[in-house]
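Down below is the structure, laid out as structure tokens.
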Amino acid sequence: MGKLSGLRHLFMTLFLHNFASFMVIPAITDVTMAALCPGRDECSLAIYISGFQQAIIGLGSFVMMPLVGNLSDKYGRKALLTVPITLTIFPLAILAYSRTRSFFYAYYILKILTAMFCEGSVHCLSLAYVADNVPEGRRASAFGILSGIGSCAFVCGTLSTRFLSTASTFQVSTAMAMLSAVYMRVFLPDSIINDNLSTPIISEGKSDDVANQNEEPGKKMQVFKTMLSMEDMLALLKSSLTFSQAAIVSFFSNLADVGLHASLLYYLKARFHFNKDQFADLMVITGVAGTISQLLLMPILAPALGEERLLSVGLFFSSAHMIFYSIAWSFWVPYAAAMFSLFYVFSQPCIRSIVSKQIGPCEQLCSCPKERHFISPVSVLCASGLPR
């Protein structure tokens, strides 16, 4: 546990950030409905703009995540973590001040712009930080604990929403987001940056590019030249069969998850007249089950069964809980489906552990075949299916 105890400041930073982000989820549906369709339980416009928001954020993140991973390898995880953790504060502050239609649209636009960089990047950089500091054989457990911290923050955030007014929810969320940024800057040590980069998942011929780069220490990398082309990403995917398979699984799994959660709360509001309190209750059940699973079950099951079998279990129950939501015939069915999170939370930590083992223990890097810069496989995985 010595290595994991060294991650306590990262865990606390992630907890505070996720607490601030998750506690507004039960309230944002009611805020959106009140701003766009006041007095109604059904609003097609709310679903359409939520879907548009998710699509734009996803496309932007697909471009930004590899760049974020690249820059974090050059300038440190802490420096890059500062940006999304700080940007998260501003959209929350808008709704903390007012939730009228004009302020909602201001929040909506700023949320899209900031989330293209922030959505998934905090979690992605946290994964890279863990991989920098935890031996390969213990990464599955460490990733499970990291996800468990996120689930714990999810529970605490949504539970606190249950007892707060809508205005107080956004005010407390803004304060917690600010606290996470301050805590991270003060207490979190930067991850170890190893300049002797290894390239275990590319051919020997391509490793010459890395050697050539090391021969030119006087040339500084220009930020905009680190933007990755589609050809670069495809080359990375082709460099390892396991990595490409994991990216495909992650893409379709997260595509389904994002599609479900973009419309689920609006569906439950229209079908069963759920409000902020019912949403919070439902999310608390999901979060408690996920936290127990990731903090207690996964560290035991991962070494015993292996990541591949746990991934299969997680994907099966992920599909099952979506089916139950889609055919819900009574108000209690969504609560029963939420209990499936006890098992479907296995999938993402297992995918990340499988990918992480394709590369060196102290750096999450591989070289890009034509350009003299580096791509983070973990960040490309995050971009292929952004974890929430």
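Cβ from N, Cα, C; glycine included.
Summarising the annotation, TrEMBL assigns domain 'Major facilitator superfamily (MFS) profile' to 1-192.
The transmembrane segment annotation in TrEMBL covers 7-25 (among others).
Taken from TrEMBL, the feature transmembrane segment applies to 45-67 (among others).
Counting same-chain residues at least six beyond the ends of the transmembrane segment (79-98), those with a Cβ under 8 angstroms from any Cβ of the stretch are 13, 17, 20-21, 24, 31, 68, 71-72, 104, 106-107, 110-111, 114, 117-118, 121-122, 125-126, 129, 167, 170-171, 173-174, 177-178, 180-181, 184-185, 188, 190. The feature transmembrane segment is assigned by TrEMBL to 79-98 (among others).
Annotation source TrEMBL lists transmembrane segment at 104-130 (among others). Outside the transmembrane segment (104-130), and at least 6 residues removed from its termini, the chain residues within Cβ reach (under 8 Å) are 7, 10, 14, 17, 31-32, 35-36, 49, 53, 56-58, 60-61, 64-65, 68-69, 72, 77, 80-81, 83-85, 87-88, 90-91, 94-95, 139, 142-143, 146, 150, 191, 352, 356, 364, 376, 378-379, 382-383, 386-388.
For the transmembrane segment (142-164), the list of distant contacts is 3-4, 7, 11, 14-27, 123, 126-127, 130, 134, 172-173, 276-277, 279-281, 283-284, 286-288, 290-291, 293-295, 298-299, 302, 345, 348-349, 352-353, 356: same-chain residues at least six beyond its ends, Cβ to Cβ under 8 Å. Taken from TrEMBL, the feature transmembrane segment covers 142-164 (among others).
Positions annotated as transmembrane segment by TrEMBL: 279-302 (among others).
The transmembrane segment annotation in TrEMBL covers 322-346 (among others).
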**Item:** Beyond the flanks of the transmembrane segment (322-346) by at least 6 residues, Cβ under 8 Å
**Value:** 147, 151, 256, 260, 264, 267-268, 271-272, 274, 281-283, 285-287, 289-290, 292-294, 297-298, 301, 310-311, 313-316
**Prompt:** What is the average pLDDT across the domain 'Major facilitator superfamily (MFS) profile' (1-192)?
**Reply:** 85
